[in-house]
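The domain 'Deacetylase sirtuin-type' annotation in Swiss-Prot covers 1-234. Sequence annotations record features per position, and here Swiss-Prot assigns NAD(+) binding site to 10-29, 91-94, 176-178, 202-204, Ala220 based on sequence analysis. According to Swiss-Prot, the feature substrate binding site maps to Tyr54, Arg57, an assignment based on sequence analysis. The feature active site, proton acceptor is assigned by Swiss-Prot to His109. Among the features that Swiss-Prot reports, Zn(2+) binding site is placed at Cys117, Cys136, with the record citing sequence analysis.
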Amino acid sequence: MYQHIVVLTGAGISAESGLRTFRDQDGLWEEHHIEDVATPEGYAKDAELVERFYNSRWEQLHCGTVMPNAAHLALAKLEAEFSGQLLVVTQNIDDLHERAGSRRLLHMHGELSKGRCPRSRQTFLLREPFGVNNGCTCCIPAQRLRPHVVWFGEMPLGMDRIHDALDNCDLFIAIGTSGTVYPAAGFVDTANHHGAQTVEVNLQSPDRHSQFQYHLTGRAGELVPKLVDTILAGRVIGSDLAE
């Protein structure tokens, strides 16, 4: 039976809830140059453009139709019922994991629902989109809050905590990730090095160079609940469940 699980989630899990992804063919990068909306330099050049870009995602997330799907709910169930240690690391900046009930959660790329003071680095929960009362309350004069999002060229958040968890886990699961963007792409190597079982859940069939031991190909909303049930039943993931 597993004692220490690390789960990594990427854009694929949120796409099943109706959120557009950054890197798909019809995704947001098609409408903007990356350097204009997702770099510190782009923000320094045109903060209003960057705010509009993230406001469009904020509004989509709060439109009333985007909700956690079965995969989000299954991971929240795993947290509630699993007797061992669990850490869910997400590359997503939405709050669908939180809405599903997950609390043992780390947003390595930041959170769309928060702004950050550029001077103190204190974060603030956003009740409204950027541009509406978006000054900090920690400085005099108040500083303009920037999106609490990790941009290209910036260090992902919580890396020490993530690596500590990977060093000690006996099961690593990646759900809906491309597996091509570092440092997250290297998490499977770390887990394998420390003897963990590694499982990938993805819509696409695995690359022949994949380092994962097991692959589940299909929708996260269908496969993750089955995976969670297997874990909670005290069974080891095997070829009967994975490819």
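Just so it is clear, glycine is given a Cβ too, placed from its N, Cα and C backbone atoms.
From a predicted model like this one, the values you see are computed outputs, not experimental measurements.
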Among Tyr54, Arg57, His109, Cys117, Cys136, which are recorded as recorded positions, the nearest neighbour of Gly176 (NAD(+) binding site) by Cα: His109
Cα distance (Å, whole number) from Cys117 (Zn(2+) binding site) to the residue listed as 'active site, proton acceptor': 16
Cα-Cα distance linking Tyr54 (substrate binding site) and Gly18 (NAD(+) binding site), given in Å to the nearest integer: 17
Most crowded position, judged by CB atoms within 10 A, among Ser14, Gln91 as binding-site residues: Ser14
Cys117 (Zn(2+) binding site): secondary structure state under DSSP, collapsed to three categories: coil
Minimum Cα separation from Leu203 (NAD(+) binding site), reported as the residue among binding-site residues Tyr54, Arg57, Cys117, Cys136 that achieves it: Arg57
Other C-beta atoms that fall within 10 angstroms of the C-beta of Cys136 (Zn(2+) binding site): 21
For Cys117 (Zn(2+) binding site): intrachain residues, at least 6 apart, with Cβ closer than 8 Å: Thr123, Phe124, Cys136, Cys138, Cys139, Gln143, Leu145
Coarse DSSP state, helix versus strand versus coil, of Ser14 (NAD(+) binding site): helix
Mean of the pLDDT scores, which run from 0 to 100, over the domain 'Deacetylase sirtuin-type' (1-234): 90
Nearest-integer angstrom distance between the alpha carbons (Cα) of Gly10 (NAD(+) binding site) and Arg57 (substrate binding site): 16
Distance from Ser14 (NAD(+) binding site) back to Arg57 (substrate binding site), taken between C-alpha atoms, in Å: 12
